[in-house]
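Per TrEMBL, the features are:
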BINDING   A:C511, A:C514, A:C551, A:C554  Zn(2+) 1 binding site
BINDING   A:C520, A:C523, A:C538, A:C541  Zn(2+) 2 binding site
DOMAIN    A:283-449  domain 'Helicase ATP-binding'
DOMAIN    A:546-700  domain 'Helicase C-terminal'
Amino acid sequence: MIARIIVDVSAKQTDRQFDYLVPPEYEPLATPGMRVVVSFGPRKVQGFILSIGQDSSISNDKLKALDSLTDLVPPLTTELIELSVWLKNHAVSNHISVLKSMLPSAMRANYRKHLILNDDVDCSESDREFLLKQFQDKPLLDWDDWYKHATTFEHKEMSRAINDGFVRVEPVVATGETTKTERHVRLIRDPKTSEEAFLTLAKRTKKQAEIVQWLSEQETDHYPLKQLSVSSSVIKGLEEKGWVEKTDVVIGRDPYEGREFKQTTNMELMAEQQEVFERILPAIEEERSEIFLLRGVTGSGKTEIYLQTIEKVLKKRKEAIMLVPEISLTPQMVTRFKERFGSRVAVLHSALSKGEKYDEWQRIRKGEVDVAVGARSAVFAPFQNIGMIIIDEEHEGSYKQEEEPRYHARDVAIKRAELYHCPVILGSATPSLESYARAVKGVYTLLEMERRVNDVAMPDVTIVDMKDELRHGNRSMFSDALIERMRNRIEKQEQIVLFLNRRGYSTFIMCRDCGYVAECPHCDISLTYHQPINQLQCHYCGYHHTVPHQCPECTSDAIRYFGTGTQKVEEELQEVIPEARVIRMDVDTTGRKGSHERLLSAFGNHEADILLGTQMIAKGLDFPDITLVGVLAADAMLHLPDFRASERTFQLLTQVSGRAGRHLKAGEVIIQSYTPEHYSIQDVTKHDFTGFFQKEMLMRKQAGYPPYYFLVLIHVSDEALDAAVLATEKIANYLKNNLSDQAKIYGPVASSIARIKDRYRYQCMVKYKIEPNLTETLRNLYQLFDGELNKGGLQVTVDTSPNMML
DNA sequence: AGCACGCCGACT
DNA sequence: GTCGGCGTGCTC
């Protein structure tokens, strides 16, 4: 029996199947999708069985047998294996990277080396002394741990001992899977059959008898120790007399342990919601892989539609996957799912510990749940009978993985839906241009909801031209209109959300006399000033430096701070409205686990009047007393070197505006901008998605960008500038010669940040409409550079669904 | 990717 | 003479 295996060695040359013999004792067990340990060259690595066969093209004497099976049940289903083959081609990625990204991190291999003392060796007295000192009584040493603490002399001595055969090195393949156990008490004597002994027990030790009696009345024979509220001496007494014993029982980690979720039932749907709901139902019933684009304005009740369609899916005894952007996987969202579906929901997101993620994943794999709610990677949830996949906030950038494999969760979801013949719902108030264009074209089914639940009015949006403010002599970052409105709301005890898309204190420092700007010595980017630690930081490589008091160029002391971050806004806010209570939310204040939730609930409890924050407050906030939203610098994103800059600006402004007046009180939004005439800002005031869509489509058509063309971005970096340029040139020429005449190839061009961590960055872009040999051609790119790529100097990455052009 | 094999320079 | 530099090529 032959197992065809993908090994965990991520390189172009090893990105193929290797055949191994299956030892006879494993033959009944070995199944595709299982992890195995194999000898690969001189070392041991993890691998995945792709398929089982009877013959191999490799001659039998060259075949090795696989070492061991890691799993009894394959973690990857046959469908996931099939999906992995599609995805590695689609994303031009190594197969192993795809397989690994389908599993929770705890199941990835962990490579260690053990040092083991050989028996019966004939070594000198001094060697013996050295080895005894190193090993003491331990049967083995972990190489990494030992190496860290040993001296250079000891390193030398040890490698000699290995060479002389006194010590051997054994490679070990481990995984990070752990289980959580709980101490239980088990009754080993029945008080009924040992009545006499029980009576004696009851006579002298009343408490112990009570416990025995109570345990004997329970359904199970073992019971969690910590739930028996008795002193440990009572249990100890019972143990000594042979009534009970303690055991460890494996329990699933429950990230929401101790939280009570009160069951909710379906809310009544509004007319628009009902109509949408009824359009989706037939696809579920008829098991069609139809793709719905649900565009519903903020507050139109998309989540309730998700919940009710999932309910229909569950009634058909099928499973549902619900994807949410990491950033909006808020407690509010999780609670809504838990309340509706109770213990049938598994939640997968980054705030869970490794072990919790692993247990939630196992619950899916074992079929203990039928709904998975999670961020991007939950698209690989190992269900086997998927009836529906939902992607909420479909336009969000976080659905794109920016590491290998560079995939977009939307593409994977659509592929899986095809395999399972089930519908997909893409939901958003501001769909991506690509998806909306497909819906308009009829590739997707377009469903729209223009009204908020209970007919709450859309907020009133006003744009303030900050150039005017400057002319009036207002140099602060708050316009007069915004200050006036904020005072008014605080008086009325209503709440305010202020949005600024930039953390830190200020963006850069500059010398007023000579124009010197502090830049990172390793990257072509200016350093950001962080006030609490009084340091200049590089956000790309982590370089930091104390702030100079004098200009390093001209020794002038006229150093000024430019640009504004959330820290500085908070400071100025205190000056302008001293009575305002402010909560600041950005990466710097929400770093610790649970702080996100804590700050939000504090705001919900009216412990502050103003919530000031970055991106992370744009979504999912739903508090009834927010009646004012202020956007401090609407054009911050507009001028980024990215063809999606306008789209992102419109989406963000719409999302933030949607935080205001969601309930009884009317909402108002103030947008401050230096380019108020831009359509991506203007259309927000009119809540006019389709208007924006048409204008932006025109721009994309003229510039030849998606949705009119597909893009591929090839990114090249090297320590040497000329090597990077040369390699990019080579790639561009190769593509010109091997793709059709319709494809347009641009480059080499320097990336917008031309150097990061001392590496020069160049790129080459392909625009195409139909290109049947694309993935094959892209795969062959790597052959242009055989050796150079191995040396580690040159790096080439291919992205078939690029997000940013940076 | 690792790791061994193999071929050249600077050292006890 | 040998130790160790890293270029080259292979892994079922």
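Just so you know, glycine gets a Cβ as well, placed from its N, Cα and C.
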Taking the domain 'Helicase C-terminal' (A:546-700) alone, what is its mean pLDDT?
87
With every protein chain in view, how many other Cβ atoms are within 10 Å of the Cβ of A:C520 (Zn(2+) 2 binding site)?
25
Fewest neighbouring Cβ atoms within 10 Å: which of the binding-site residues A:C511, A:C514, A:C523, A:C538?
A:C514
What Cα-Cα separation, expressed in whole Å, is found between A:C554 (Zn(2+) 1 binding site) and A:C523 (Zn(2+) 2 binding site)?
23
Neighbours of the Zn(2+) 1 site A:C511, A:C514, A:C551, A:C554: Cβ within 8 Å of the Cβ centroid, same chain, sequence order.
A:R512, A:D513, A:G515, A:Y516, A:P552, A:E553, A:T555, A:S556, A:A558, A:I559
A:C520, A:C523, A:C538, A:C541 excluded, remaining Cβ within 8 Å of their centroid (Zn(2+) 2):
A:P521, A:H522, A:I525, A:L527, A:H539, A:Y540, A:G542, A:Y543, A:I756, A:K757
Cα-Cα, whole number of Å: A:C541 (Zn(2+) 2 binding site) versus A:C511 (Zn(2+) 1 binding site)?
24
Cα-nearest neighbour of A:C511 (Zn(2+) 1 binding site) within the listed binding-site residues, A:C520, A:C523, A:C538:
A:C520
Fewest other Cβ atoms within 10 Å: which of the binding-site residues A:C541, A:C551 wins that one? Let me know.
A:C541
For A:C554 (Zn(2+) 1 binding site), list the number of other Cβ atoms lying within 10 Å of its Cβ atom.
13
Reported as an integer number of Å, what is the Cα distance between A:C520 (Zn(2+) 2 binding site) and A:C514 (Zn(2+) 1 binding site)?
18
